[in-house]
Amino acid sequence: MSFRVWLSARFFLFFLTWSSYLSYWGVWLLASGFGPTEVTAVITAGLLSRSVSIAVVFPVLCRTVPLRRLSQLLAWTATALSPLYLTHPQFPSMMVVSVLVGVSYPLLMPLSETLATIGAANGQVDYGSVRYFGSAGFLFGLGVSGVVGRTVGSGALVGVFVVGCLLLALADLAHPVGFPTVATVAGGGRGRLLRNRVYALGLGSSVLLQGAHAAYYAFGVEYFGRLGVSSINVSLMLALAVGCELLLFKYAGPMLGRYPVPVLFAAAAVLSVLRWGLLAVPMPLVCVVLTQTLHAGTFALTHVAHARCVQGHVPEDLWSDAQALYAGLAIGLGVAAVTAVTGPLYAASPHWAFLAMAAVCLPCFLLVRWQVRLLRDGAEVPERVA
């Protein structure tokens, strides 16, 4: 098996499990008898442990363990821990399991991205081609979860995650030809990076805009079901969001290349306030479905804006640190912090929870204004950018 085929299969299988872990965890926990406040605590514990693990544990592992061995270690650790969800635990033990899985399983994502980056640099793979299989796996996983939820019940959704982890570990037993020999990944320089005010403001906007997805990630599926949407149609709604996200990623270059970074962040903030604000008021189901198309602006456009901020305003030797901060703070800690307050609000009313998400996005406009002022004064533009 070639390294390209192995890595494509890895992306597919990981994101198959990730679709269940990200989109259906709140539904499964609610079906298991936990209340909204307990669901919030369990998900927040997993997000916090994930953030710390990506920011601290992953760099250490990459510096001390060969990547091939690390790949197998993480895959089998996830497989060993995932059945703990099937033991019908009480709330305290569920918190422990959430932390254990959060520390280990999500590391498969940055590891896969690292392997793809190294493979692309070596000319072994085309990054876009192998990453495409990750998106395909995510969409396939949404469909599988939708069918399982409808035919067996929401309580069986964790089985999709467990089986997916096992398939991922079994696939890792293959011996890919041409596996990258690089065993360590460099790090450092985060203090210097955060002193770059243009980047720090962009990171701040990213944390707020990505964090505002907390209610959607934790309770979106349950909320759509409350509106009378079937499990399969909920999966189609989630797939619609991911599909619009992928379209923006595909055409971001020609569509957005001429716009400066602050404009991208401002547009993402406007679309975020619009999306969460619309979900905060009662409206026809067709309008709720249409808000899913705004995921391209709330998630993907924020992602593109951050990448453009890194490429245009951060020295090349700090790019890896910038991406690690984004993964740990925006995708991890930011979502965790907002999730912590989402449960009580959702228990009171889903509309209050989504209104809070819209409010979280409002400070972005101040950060964008400050960023514009700094760029107008010529601040923090590196000498060498790609």
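Using N, Cα and C of the backbone, Cβ positions are placed for all residues, glycine too.
Note that TrEMBL annotation is computational and uncurated.
Small disclaimer: the values here were computed from a predicted structure and weren't measured.
Per TrEMBL, the features are as follows:
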- 6-356: domain 'Major facilitator superfamily associated' (DOMAIN)
- 12-34: transmembrane segment (TRANSMEM)
- 40-61: transmembrane segment (TRANSMEM)
- 97-118: transmembrane segment (TRANSMEM)
- 130-149: transmembrane segment (TRANSMEM)
- 155-177: transmembrane segment (TRANSMEM)
- 198-219: transmembrane segment (TRANSMEM)
- 231-249: transmembrane segment (TRANSMEM)
- 261-277: transmembrane segment (TRANSMEM)
- 283-304: transmembrane segment (TRANSMEM)
- 324-346: transmembrane segment (TRANSMEM)
- 352-370: transmembrane segment (TRANSMEM)
Which range out of 40-61, 155-177, 198-219, 261-277, 324-346 gives the transmembrane segment (12-34) the most CB pairs under 8 Å?
155-177
Under 8 angstroms for C-beta pairs, at least 3 of them, ignoring pairs fewer than 6 apart in sequence. Is the transmembrane segment (261-277) in contact with the transmembrane segment (198-219) by that rule?
yes
In this predicted model, what is the average pLDDT of the domain 'Major facilitator superfamily associated' (6-356)?
85
Using a Cβ cut-off under 8 Å, which residues of the same chain at least 6 positions beyond either end of the transmembrane segment (130-149) come close to it?
4, 7-9, 11-20, 23-24, 27, 112, 116, 119, 156-157, 159-160, 164, 231-236, 238-239, 242-243, 246
Could you tell me whether the transmembrane segment (324-346) and the transmembrane segment (40-61) have 3+ CB pairs under 8 A, leaving out pairs under 6 positions apart?
yes
In the same chain, which residue numbers or ranges, 6 or more beyond the ends of the transmembrane segment (155-177), come under 8 angstroms Cβ to Cβ?
1-3, 5-7, 9-10, 13-14, 16-17, 20-21, 24, 27-28, 31-32, 71-72, 75-76, 78-79, 82-83, 85-86, 105, 108, 141, 144-145, 148-149
Non-local residues, at least 6 beyond the ends, that sit with Cβ under 8 Å of the transmembrane segment (283-304):
205-206, 209-210, 212-213, 224, 227-229, 237-238, 240-242, 244-249, 252, 256, 264-265, 267-268, 271-272, 274-276, 330
